[in-house]
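What TrEMBL says about this protein:
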DOMAIN    32-276  domain 'Anoctamin dimerisation'
DOMAIN    279-854  domain 'Anoctamin transmembrane'
TRANSMEM  290-316  transmembrane segment
TRANSMEM  367-385  transmembrane segment
TRANSMEM  446-469  transmembrane segment
TRANSMEM  489-509  transmembrane segment
TRANSMEM  536-557  transmembrane segment
TRANSMEM  665-691  transmembrane segment
TRANSMEM  810-838  transmembrane segment
REGION    868-894  region 'Disordered'
COMPBIAS  877-892  compositional bias 'Polar residues'
Amino acid sequence: MTPLAPFQEPTDDDINPPNDFYMKCEKNPSLFFDDGVRSIDFVLVYKINPQPNVEDQHEEKRHIFEMNLLSEGLEIERACKEKEQIYFVKVHAPLEVLRRYAEILKLRMPMKELTCNVKLLSKYSRLRYAAQYISKKIPGMSVVNRSTSSVFSSLKGLIKFFMRHIYVDERNFPRRAQRFTAIYSRDKEYLFDIRQDNFFTPAVRSRIVQFILDRQRFTPKSKDEMAFGIERMVASNIYCAGYPLHDGEVTEKNTMRHTLYTHWASVRKWYRYQPLDYIKEYFGVKIGLYFAWLGFYTYMLLLASVVGVFCFIYSWSTLKDFEPVKEICGGKKNITMCPLCEWCDFWDLKETCFYAKISYLIDNPSTVFFAVFMSFWATLFLELWKRYSAEITHRWDLTGFDVHEEHPRPQYLAKLQHLPHTRTDYVTNMREPTVPFWRMKLPAAVFSFSMVLLLVALTLVAVLAVVVYRMATMASLMLRKTNPMNTSSAIVLATSSAAFLNLCMLYVLNYVYNRLAEYLTELEMWRTQTQFDDSLTLKMYLLQFVNYYASIFYVAFYKGKFVGRPGAYTLLFDFRQEECSSGGCLTELCIQLAIIMIGKQAFNSILEVIMPMIWRKIGAIRVGLSKLFTPKEHDKHKDTERWVRDLKLLDWGTRSLFPEYLEMVLQYGFVTIFVAAFPLAPLFALLNNILEMRLDAKKLLTHHRRPVSQRVRDIGVWYRILDCIGKLSVITNGFIIAFTSELIPQWVYRHYSPNSSLEGYLDFSLSKFNTSDSNQTRSLSAKYDNLTTCLYADFREPPTSEKRYHFSNIFYLVLACRLCFVVVFENFVALVMIIVRWCIPDMSVGLRDQIRREAYITNEIIIEQETRRARTERAKGSQSIRLPDSESNTPDPNDRFIRIEQLLCSDLSQSQMDLIIHGSSTETGIRGNEV
């Protein structure tokens, strides 16, 4: 065990290096009460109601609520805008309130530091030592070693120079020193420097105040059991808003908001890594973790984009040598095709020359490789994210955070207020009411499940409506009297317009789903906010999944697969089903994907820029601040208080990250599930995300109030959704390649072809039909001379065969090969995914060793503080140290220090370290009951 260095009292710079954020908080007077000492941790705003009887009721509720805040120990100061009749209630949390609730919420706080240094050994040190030893023993190796080292040093210097402009700019975001933390306890307060400035950061202070505001009543308990919480009061217009303050304007220098806006939210900084530690410090863990995930996902898309572009370039370069395209576009003979619909005419296959080329760019041998690669990429992305998430979890002190320690939702407790407390929580040791299963839980679950099924059915009806629209549009384009379109052009135009109509319907249904999903989740009586958010997320994603992907699944797996043949088409509701063009449905699937994916991303980006400005102006007019300054008039209103400026901003809300996650996860589905039909999807996703990341940051800093910090351990249920999408993508891509593309029939033809080429494949893939065997073709053929047969895409016997129009042997051979491909493809990809998961551990060896080392150092800090405290108390003679009976015969604290030092040789976990700080679990349970 390494001996401790002599103890020195750390300076303020050692404990918390000064940064622009804290410096600005000390200088800006509008962030403090009138005395200039007490900070403003939260602001409540209300406006006088013009109706006297309503205002009297609101005034009484505000009075009760504010008295309850004062009884909790919070301090209040009022300000007023006389002209607009807007009143501001500034809330400050004194140190005693912060200490009490930091223990209740089990916050991890920085401990006092020692002068001991945490030195992490390089994981390559042994390999380096071995190389040096070999270079000394083998003659001539020293010269090779020196020359190699020189080249390596030059290359390393060049890489460092390049990466210096990619990594976080440490001039604006200095690297933060590593701090050792532990769960705060008032009984062990001597381990923490409680009197240090900014020991409780503004984010922690606002979180504690928000926790108190959410649980205070504003009416007597007998009147309304749900009459509590600032959220309910804002919804009832008793208060206009409640929010913590930004540290300044985005144009005010030496503020963290300005620094983040200039060096993070700027699109010109798109190539820079994100300052995640500062994002987490300013906005909280939940928002910081979202940007960490978004940045990592965007970084991983770079590899998929490069491979996708290479596959596209390969298909483009080999297009001129593709035999079926040459036969369609340069063939000397005319190939007359059977009508594709009931009102369609015969058409020449040469009309589809352009679309056949597009189809080959998607449907070529590189598609199989890219589909296998993307399945590998999806697994690699999730496994590497787990490793990266473990690093963030350790760096942000989330390792010991347990979601089961989360306090119940106020709405949950209010609905069960009339029930006896019959359940003792096994984590918090608090007695809580139990939700009746048969009377409340089961009916709510059944009703919620039924409504979700109804909404899914509604989505399928919308898809059917789009199909009907597409058929009607194609008929109108081909049957119009002036300039009727040919078959191929009508199909493409009808498909494109139907895809755009489908995109518009998506947004309408999204609004309905958002409202209903939140209402249904509230009925299910979830105990904690995490459980509530996870249930809401699953419902919303299921509905959005069906909403966005139903039409794509229809085109990929149903359209054109069960249409029958000319003269004996399969009818659905007495109508002939839609049929794919001669190039197959893969081209239409690509168009559908491109319009929905790219159109959705472009439309969302426009909305993210325009809508916050509109809603911000509407909100300012609603609260009567339309005549106050605008951002362009900043220099004329430098003396305007911070709380007035922030009132004009939009409220962020507790679930505002949900649409951001949903947008990215839906995009992830487009990138993985249907990548075989759209190889450029990763590239468009990469370009969108580079812009999306900076637009989200700019929107959050410019148009929204500062959100209250929320503590989470990971991205929650979104990881499980991403994992399910990755597994589903293996199935969908396998079936798209096997049944939607033409790769399998082409491989079969190559196998039986004498020269192993695709020459003559066109005749192989088409079947003949006698025009006299159908009323439609008989009437149409009367207009043409010598037109006795037409061709259609299928593997059937010719009309001259005994088994005319029955499936041929080639059909069953191709079908068997398709099924074999699906089995081989999915098993091979599943094996690759298993190997990747096995090769990549969830936590790196270096990080595991670092956590052990830091736990060891943290225990040294605890022991040193215990020893110093014992010596100080003995010197003062004020109080003796109480030891257990087994240690009552060892008065020397150094002996106790040695015994505990010996225990440190074994690996102590984080939970064991916390038990050392807190003592017995009984005491912890008593503290938890203070809520």
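Glycine too: its Cβ is placed from the backbone N, Cα and C atoms.
Quick caveat, the model's predicted, so the values are computed rather than measured.
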Hey, which bits of the same chain come close to the transmembrane segment (665-691), Cβ under 8 Å, at least six residues off its ends? 267, 270, 294, 297-298, 301-302, 304-305, 307-309, 311-312, 362, 366-367, 370-371, 374-375, 378, 541, 544-545, 548-549, 552, 556, 586, 589-590, 593-594, 596-598, 600-601, 605, 718, 721-722, 725-726, 728-729, 732-733, 736-737, 740-741
Best-contacting stretch, by C-beta pairs under 8 Å, relative to the transmembrane segment (290-316) and drawn from 367-385, 446-469, 489-509: 367-385
For the transmembrane segment (367-385), give me same-chain residues lying six or more residues beyond its boundaries with a C-beta closer than 8 angstroms to one of its C-beta atoms, as numbers and ranges. 293, 296-297, 300, 303-304, 307-308, 311, 671-672, 675-676, 679, 682, 719, 722-723, 725-726, 729-730, 733-734, 736-737, 741, 743, 825, 828-829, 832-833, 836-837, 840, 842
Where, among 446-469, 489-509, 810-838, do we find the most CB pairs under 8 A to the transmembrane segment (536-557)? 446-469
What residues in the same chain, six or more past the boundaries of the transmembrane segment (446-469), come closer than 8 Å to it by Cβ-Cβ distance? 498, 501-502, 505, 509, 512-513, 516, 520-521, 523-524, 539, 542-543, 546-547, 550-551, 554, 578
Using a Cβ-Cβ cut-off of under 8 Å, list the residues of the same chain that are 6+ residues beyond the ends of the transmembrane segment (810-838) and lie near it. 368, 371-372, 375-376, 379-380, 383, 726, 730-731, 733-735, 737-739, 744-745, 747-748, 764, 794-796
What average pLDDT is reported by the model for the domain 'Anoctamin dimerisation' (32-276)? 80
